[in-house]
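My questions all concern the structure below.
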Amino acid sequence: MLSYFKELSLRRPAWLLLATLACTLEVTGLYFQHKLGLIPCVMCIYERVALTGLLIAGLIALIAPNFFLFRWLALVLWGFSAFKGLSLSIKHYDYQANPSPWNQCEFKPQFPQTIPLDEWFPNIFAAGTVNCSEKQWQMLGWGMPEWLIVAFSLFMLFFLIVFMSQFKRAKPQYRSVFR
């Protein structure tokens with residue numbers, strides 16, 4: 001099984017799938033914001049940044065998945081983004097499951113001064129005035145944080161499988177004179 005995932009990681013379609021899934025979730029969030037009128041909270045914006053990291057990881061590996069540097073850079077970014085997105089989604093769920101005055105998120109995203117994404121791309125990364133504990137949307141009884149926990153858990157699971165597969169040695173190519 002690991003050799004199968006190693007072979008997948010050496011080809012572009014698998015990385016295109018990662019980028020497409022992340023882009024689909026990103027576009028879905030933007031659709032909820034701009035078309036359905038749901039105002040994103042700060043945690044939603046942070047989760048959106050994690051999805052952007054997954055998208056960038058897929059695009060980096062699309063350049064040349066056979067080259068060690070591109071593949072490992074994409075793997076590191078994939079793992080970090082999936083882990084960070086999962087931890088942010090769990091924290092966001094905690095805000096909604098246990099609302100209290102002392103368990104709240106910030107009012108404005110705290111991006112580094114060198115990369116103020118909320119100022120550079122306000123239509124994508126600017127948060128509204130919504131409290132993180134407010135549930136604005138549900139599907140099948142689950143809110144946005146629960147669905148993102150599922151999504152980031154799957155991203156993390158497949159990252160771990162692909163990461164472990166990188167240490168699998170390739171099968172030697174036996175060449176026959178008569179073949």
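Even glycines carry a Cβ here, placed using N, Cα and C.
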Taking the topological domains recorded in Swiss-Prot, do Glu7 and Ile115 share a side of the membrane?
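Ile115 and Glu7, as annotated in Swiss-Prot, occupy opposite sides of the membrane (different topological domains).
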For the transmembrane segment (73-90), what are the same-chain contacts with Cβ under 8 Å, counting residues 6+ beyond its ends?
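Here the qualifying positions are 9, 15, 18, 43, 46-47, 50-54, 56-58, 60-61, 65, 145, 148-149, 151-153, 155-156, 159, 162-163, 166.
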What number of additional C-beta atoms lies within 10 angstroms of the C-beta atom of Cys41 (disulfide bond)?
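Around Cys41 (disulfide bond), other Cβ atoms within 10 Å: 27.
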What residues elsewhere in the chain lie close to the topological domain 'Periplasmic' (32-49), defined as a C-beta under 8 angstroms and at least 6 residues from its ends?
26, 85, 88-89, 91-92, 95, 105-109, 117-118, 123-132, 134, 136-137, 144-145, 148
Using a 10 Å cut-off, grab the number of neighbouring Cβ atoms around the Cβ of Cys44 (disulfide bond), all chains included.
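For Cys44 (disulfide bond), the 10 Å Cβ neighbour count is 26.
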